[in-house]
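A.B. asks: Taken from TrEMBL, the feature S-adenosyl-L-methionine binding site covers Asp18. Under the heading active site, nucleophile, TrEMBL lists Cys45.
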Amino acid sequence: MRRVLAVQPAGADLAVLDPPRSGAGREVVDLLAGAGVPRLIHIGCEAASFARDIGLYRGHGYAVEKIKVFDAFPLTHYVECVALLTRKV
């Protein structure tokens with residue numbers, strides 16, 4: 001993640017993250033928030049890790065603008081969640 005952020009142009013206004021089922025976690029959320037990106041799209045396929053990551057973003061001043069949930073994995077407990085978050089100044 002650090003390498004990816006290092007080569008991105010300054011002033012990016014949107015980042016898209018699609019982490020594994022374990023979620024992004026504190027380190028990745030901290031890195032994204034530290035990059036100062038004003039809008040994020042976070043995709044997750046495990047509800048508990050998705051909710052945890054959303055809480056971490058909120059701790060950095062992001063607010064959820066929209067969430068959509070898709071049953072992409074029928075007959076399992078997994079759902080695909082997509083959130084648009086914006087940083088509140």
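Heads up, the Cβ atoms here are built off N, Cα and C, so glycines get one too.
Describe each of these features in terms of where it is and what it packs against.
C.D. replies: In the three-state DSSP classification, Asp18 (S-adenosyl-L-methionine binding site) falls within coil.
Cys45 (active site, nucleophile): 19 other CB atoms within 10 A of its CB, across all protein chains.
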A.B. asks: As a test of the contact definition, list every same-chain residue at least 6 positions from Asp18 (S-adenosyl-L-methionine binding site) whose Cβ is closer than 8 Å to its Cβ.
C.D. replies: Ile43, Gly44
